[in-house]
Amino acid sequence: MHWVKILGVALGAAALLGLGIILGHFAIPKATSPLTSSTSDSQDLDLAILDSVMGQLDASRIRENLRELSKEPHVATSPRDEALVQLLLGRWKDTATGLDSAKTYEYRVLLSFPNAEQPNSVEVVGPNGTTFHSFQPFEKNLTGEQAGPNVLQPYAAYAPPGTPKGLLVYANQGSEEDFKELETQGINLEGTIALTRYGGVGRGAKAINAAKHGVVGVLVYTDPGDINDGKSLPNETFPNSWRLPPSGVERGSYYEYFGDPLTPYLPAHPSSFRLDPHNTSGFPPIPTQPIGFEDARDLLCNLTGTSAPAFWQGALGCEYKLGPGFEPNGSFPAGSEVKVSVHNRLELRTSSNVLGIIQGAVEPDRYVIYGNHRDSWVHGAVDPSSGTAVLLEISRVLGTLLKKGTWRPRRSIIFASWGAEEFGLIGSTEFTEEFLSKLQERTVAYINVDISVFSNATLRAQGTPPVQSVIFSATKEISAPGSSGLSIYDNWIRYTNRTSPVYGLVPSLGTLGAGSDYAAFVHFLGITSMDLAYTYDRSKTSARIYPTYHTAFDTFDYVEKFLDPGFSSHQAVARTAGSVLLRLSDSLFLPLNVSDYSETLQSFLQAAQEALGTQLEKQNISLGPLVTAVANFKAAAASLGEHILTLQKSSPDPLQVRMVNDQLMLLERAFLNPRAFPEERHYSHVLWAPNTASVDTFPGLANAYAKAQEINSGSEAWAEVQRQLSIVVTALEGAAATLVPVADL
């Protein structure tokens, strides 16, 4: 046992050394030491400071931030985007309200833009080559803000150039199952153009699926049944309501992965190795173009052929048919085809992240990162500027306290404004690739506030299970907007809730996919993360997102008139995010409850037993080791929780606090296995990787099982099921091991 004693001494020495580590690459100038005579190793959350911050977060300042941020289009790397870089630097270097330091990090990344001299187009062409109808290349200028040289034409970023022409078919949401259904209906898809609607699968997946079946071009539109509760008339839509107008077109990246396409797993520095852009995976294989539902109606309501299935029908005021081609007595001559002309260009551009830093007084080498992306497709008042407006207000209030000398956090706070998010989470991913080791070793948590306000009904929170407790604690102390007198927590539970076997009725915490800048932090680095926003009442609308998402109608006036007239919901998000930020950066013991993972694991286990268990037994694959691993994790998490409670009742020395906090911080990393999903770029988290199966359980196991169930699957497929089961069991055992006393194995 002598080696155990040596290990214990080494761990203690390492922890002592850790208390003295500074931020290194993210350090503030040495002349402005953060340490004061009042600094104590036992520094804890100061409730008076917390109350002061809550009181100073100002809705009117958030409003003015948003007006400034969204007054011009600011697509990534544009002159206005770079002007906002300087705005952020100026705010964070302000002598009265700024932070300790601020700087930019630049990356040379591959972006995709439409050709201003040769706009993309969609036409109906007759059998003799005559163009009978050309669809509008831009959205209608309804408020004077939808036109001008800086308003990008609607396009599918990273779709390849080309001018395919063919008979039109309707392919619903463009899933693999949708294209198989068309073939089941006897439709030959070879050489056709597919009209699809947003939803169901990712943007890029629609084109990838289409190409597999011989389709040569894809159109994508937003159906009013999916976004407008079926409303589509001009007097029912923007600018007369919050609904998407008929000419509105959702832009977006059609790249399948995240990060710079040419430098996967490497930061996109000028000197970095780059892939050949012509042989890079993840791009749409065929020309693709989004259109408005006004244009989609002209196409879809003139299609011939069999009626589409009931669940493929939408709200364009006609019966949707499958095609191919148009009705002979419709608006277009018999035999007419659709021509899709895409002239997108790939360009290497320099994109900037902006980081503002407050160095911690006690544990400067422990980071709480708060991030939001800066770039938009057009004005981006909601996405992302509502989040940037909140970020700037939180940093102003904390910066003011910092400059007055009345407060400095226990741990370091890093504010991040990410670049080029809309093209595939590029800025945040490049940052994690550049500082992978440092961030994995030192980051406590990542807070993401992308869109801060979808609407003004209730909080929507997503995150990994350990953040549930800190979000609940914060929201119980903050009043919800309006006159209800409820806390944000009590208002939230009215709209979305679940019954926990441990806590009873609680608000529902959603899971994190890969839809915003938390993706690389969760899936690549294994960092505890969350995403916070205010949203709408889903009992009153079925909209899949706020209706003007990624269009030229997402403007300041849209926010002020329809989403949050008094900006009280923006203020509520600022208070929630600010409270969570302070609790994570200032609390002596990290307010992360690892036992909340036990509920998730038990739920996954139960789903696997019920849906997969019988068939697995037939293949001589036992879930017994998984049952044991889940039980061991639950026991270890509960034991650590009891240990923390005991320490909180005493006067623990700094080493004890540091060791426990490191266990809480590092738990998420234990779920990483970079070889678990070799086909999935950047996905290493065995609990939160993409689950394409219908069973809500461990994703690798669910996906492998679904594939093994396919016709003609052989022993190799079931071997992969066994491998994925072993990966999960090993991860859970490793996670449990991180929670036991640090000198034990």
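Yeah, the Cβs are placed from backbone N, Cα and C, and that goes for glycine too.
If you look up Swiss-Prot, you'll see Glu421 marked as active site, proton donor/acceptor. According to DSSP, Glu421 (active site, proton donor/acceptor) is assigned to coil rather than to any helix or strand. Non-local contacts of Glu421 (active site, proton donor/acceptor) by the CB criterion (under 8 A, 6+ apart in sequence, same chain) comprise Ala76, His373, Arg374, Asp375, Pro384, Gly427, Ser428, Asp450, Ser516, Asp517.
For Thr263, Leu266, Glu430, Glu433, the entry in Swiss-Prot reads Ca(2+) binding site. In the three-state DSSP scheme, Glu433 (Ca(2+) binding site) falls into the helix class. Cβ neighbour count for Glu433 (Ca(2+) binding site): 23 (other Cβ atoms within 10 Å of its Cβ, all protein chains included).
For His373, Asp383, Asp450, the entry in Swiss-Prot reads Zn(2+) 1 binding site.
According to Swiss-Prot, the feature Zn(2+) 2 binding site maps to Asp383, Glu422, His550. Listed in sequence order, Glu250, Arg251, Gly252, Trp377, Asp383, Glu422 are the same-chain residues six or more apart from His550 (Zn(2+) 2 binding site) with CB atoms under 8 A from its CB.
Sequence annotations record features per position, and here Swiss-Prot assigns disulfide bond to Cys301-Cys318. When secondary structure is read from DSSP and collapsed to three states, Cys318 (disulfide bond) falls in the coil class. Under 8 Å, Cβ to Cβ, and six or more positions away along its own chain, Cys318 (disulfide bond) finds Arg297, Leu300, Cys301.
Residues annotated as N-linked glycosylation site in Swiss-Prot, with sequence analysis given as evidence: Asn128 (among others). Taking a C-beta cut-off of under 8 Å and a sequence gap of six or more, Asn128 (N-linked glycosylation site) has no contacts in its own chain.
Marked as N-linked glycosylation site by Swiss-Prot: Asn141 (among others). Around the Cβ of Asn141 (N-linked glycosylation site), the same chain contributes Ala147, each under 8 angstroms and 6 or more positions distant in sequence.
Per Swiss-Prot, the feature N-linked glycosylation site maps to Asn235 (among others); the stated evidence is sequence analysis. In this chain, none of the residues that are 6 or more apart from Asn235 (N-linked glycosylation site) has a CB less than 8 Å from its CB.
Under the heading N-linked glycosylation site, Swiss-Prot lists Asn279 (among others), citing sequence analysis as support. DSSP assigns Asn279 (N-linked glycosylation site) to a helix in the three-state reduction.
Asn302 (N-linked glycosylation site): 21 other CB atoms within 10 A of its CB, across all protein chains. The secondary structure of Asn302 (N-linked glycosylation site), as reduced to three states from DSSP, is coil rather than helix or strand. What Swiss-Prot lists as N-linked glycosylation site is Asn302 (among others).
Reduced to three states, the DSSP call for Asn329 (N-linked glycosylation site) is coil. Of all the Cβ atoms in the protein chains shown, 8 others lie within 10 Å of the Cβ of Asn329 (N-linked glycosylation site). According to Swiss-Prot, the feature N-linked glycosylation site maps to Asn329 (among others).
The secondary structure of Asn456 (N-linked glycosylation site), as reduced to three states from DSSP, is coil rather than helix or strand. Under the heading N-linked glycosylation site, Swiss-Prot lists Asn456 (among others).
Residues annotated as N-linked glycosylation site in Swiss-Prot: Asn497 (among others). Cβ environment of Asn497 (N-linked glycosylation site): Leu505, Val506, Pro507, Ser508 lie under 8 Å away, each six or more residues apart in the same chain.
All chains included, 21 other C-beta atoms sit within 10 angstroms of the C-beta of Asn593 (N-linked glycosylation site). Among the features that Swiss-Prot reports, N-linked glycosylation site is placed at Asn593 (among others), with the record citing sequence analysis.
Taken from Swiss-Prot, the feature N-linked glycosylation site covers Asn620 (among others), and the record attributes it to sequence analysis. All protein chains considered, the CB of Asn620 (N-linked glycosylation site) has 8 other CB atoms within 10 Å.
As annotated by Swiss-Prot, topological domain 'Cytoplasmic' applies to 1-6, with the evidence given as sequence analysis. Each residue in the topological domain 'Cytoplasmic' (1-6) has a pLDDT score, and their mean in this model is 37.
Residue pair Asn593 (N-linked glycosylation site) / Asn329 (N-linked glycosylation site) shows a Cα separation of 65 Å. Looking at Asn329 (N-linked glycosylation site) and Thr263 (Ca(2+) binding site), their Cα atoms lie 52 Å from each other. In sequence order, Tyr107, Gly259, Asp260, Pro264, Tyr265, Pro267, Ala268, His269, Ser272, Thr429, Glu434 are the same-chain residues whose CB sits within 8 A of the CB centroid of Thr263, Leu266, Glu430, Glu433, the residues recorded for Ca(2+) being left out.
Taking the C-alpha positions, the distance from Asn620 (N-linked glycosylation site) to Asn302 (N-linked glycosylation site) comes to 55 Å. Counting only same-chain residues six or more apart in sequence, none has a Cβ lying under 8 angstroms from the Cβ of Asn279 (N-linked glycosylation site). Neighbours of the Zn(2+) 2 site: apart from Asp383, Glu422, His550, residues of the same chain with C-beta atoms within 8 angstroms of the site's C-beta centroid are Arg251, Gly252, Ser376, Trp377, Gly380, Pro384, Tyr549, Asp554. In the three-state DSSP reading, Asn235 (N-linked glycosylation site) counts as helix.
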